[in-house]
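A.B. asks: Quick one: the structure is below, questions incoming.
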């Protein structure tokens, strides 16, 4: 009998080989890397385009560059020390031990969250450690893009006046001392994780923290120039919609990737995400029409964002009808706080939150967290959460306690970010001014970067106020917008 020919399949594709270990699920690994890419695209180019387009022309380059720089800085900080602070071994109940995520032995082994094992009060194991069926390299990258978008969202509060050099220092400090605490506490196996606070995909870790930290940073940096606060028209509404579209579609990876598997829970999360976002967009637009007589494109984008934010903490935990209710509330409650409360509250008027990140992310994120505690469905909870028998308030029994847990978890994130972000800003300001000089505030991009977004003057010619005048005051410019089109 003739000998069998050697296996013609390269070792890279053979099951059970070093390249394809028995624990690897190619479907899960593919979806997780696709999800990470989708979330990455939300930042680069999504928010880069959105920020560069929604601001006044003279701040287009600076605003886009703040997002672009932050993404790169977070990637390096993440793999050198911050990943393990968020998802590694416990140092404190709210913080992991710092360490690099760069070595081959660490990155090619099966992914695991070492502090995620859940125990009953008597010490018996309730839920085993989370060990997804793909390598640590995939997990590190997936969590990295979440960290990056958080601080880029925060940047929306300080566009148009924060010293770029101060921003360069702020990014690694805030990532290290704020983001990692929230991530470990709620996702990495910290005290809120084991207590049973629900945050499916970052309503607290990402949105509540970025909204509160953004408002806090805006307070310490100070306001934009008086002219910019009075008139801040977007320089390219259509391009802004392109950035918003990337943000919306990228949210499939944002929420759909968080079960760490391509399973039925990820499908529920993606569908609920789009249901809530669409509902919220429509409600915000209807409110603009009812109260300001005009449907606003910027208002629609704000409504889209609040819907995406609100569903995030419960995306895979609630039913479709609950996603619609959450969309109705996310399209109306943040609208009310932004369009009514903000304009009548003296304290909020003093703090210049450029894009209203407090309303679109902090208010919507906390709202979503509380509504998750109300609507979380027991069967869906069992598909994902480490604490068995978890459920929302509408399902009776112990569900009412969940709402209190959600409020307590939100309070921790709010308090931590208020204190730590303030300390970071004060320390940086001792070395680098947080706010640009008055000359830079007057001129904008050309003074800060020596670059401008659009070549509206002669070829190679720099802006000169004595020759070109103040373009923002030109009679051909549209008049000051009202209602939802007025960026906060």
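Using the three backbone atoms N, Cα and C, a Cβ is placed for every residue, glycine included.
Pulled from TrEMBL, these are the listed features:
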- 31-52: transmembrane segment (TRANSMEM)
- 31-454: domain 'Ammonium transporter AmtB-like' (DOMAIN)
- 64-83: transmembrane segment (TRANSMEM)
- 139-159: transmembrane segment (TRANSMEM)
- 171-192: transmembrane segment (TRANSMEM)
- 204-223: transmembrane segment (TRANSMEM)
- 235-254: transmembrane segment (TRANSMEM)
- 266-285: transmembrane segment (TRANSMEM)
- 297-315: transmembrane segment (TRANSMEM)
- 321-341: transmembrane segment (TRANSMEM)
- 362-387: transmembrane segment (TRANSMEM)
- 407-432: transmembrane segment (TRANSMEM)
A.B. asks: Would you say the transmembrane segment (31-52) and the transmembrane segment (297-315) are in contact under the rule of three or more C-beta pairs closer than 8 Å, pairs 6 or more apart in sequence?
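C.D. replies: Between the transmembrane segment (31-52) and the transmembrane segment (297-315), which are separate recorded stretches, there is no contact, as judged by 3 or more close Cβ pairs.
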A.B. asks: Restricting to CB pairs under 8 Å, which listed stretch, 204-223, 266-285, 362-387, 407-432, is in contact most with the transmembrane segment (235-254)?
C.D. replies: 266-285
A.B. asks: Is it the case that the transmembrane segment (139-159) and the transmembrane segment (31-52) have 3 or more CB pairs under 8 Å, with pairs at least 6 apart in sequence?
C.D. replies: yes
A.B. asks: At an 8 Å Cβ cut-off, counting only pairs 6 or more apart in sequence, do the transmembrane segment (362-387) and the transmembrane segment (204-223) clear the bar of 3 or more pairs?
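C.D. replies: Contact confirmed: at least 3 Cβ pairs fall under 8 Å.
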A.B. asks: Please give the sequence-distant neighbours of the transmembrane segment (31-52): residues at least 6 beyond its ends with Cβ less than 8 Å from one of its Cβ atoms.
C.D. replies: 60-61, 63-64, 66-68, 71, 132, 134, 138-139, 141-142, 144-146, 148-149, 152-153, 155-156, 159, 236, 239-240, 242-244, 246-247, 249-254, 256-257, 260-262, 266, 355, 453
A.B. asks: Report, as numbers and ranges, every residue of the chain located at least six residues beyond the transmembrane segment (407-432) whose Cβ falls under 8 Å of a Cβ in that stretch; write 'none' if there are none.
C.D. replies: 163, 165-166, 169-170, 173-174, 177-178, 181-182, 185-186, 192, 195, 197, 199, 204-205, 208-209, 212-213, 216-217, 220-221, 362, 366, 369-370, 373
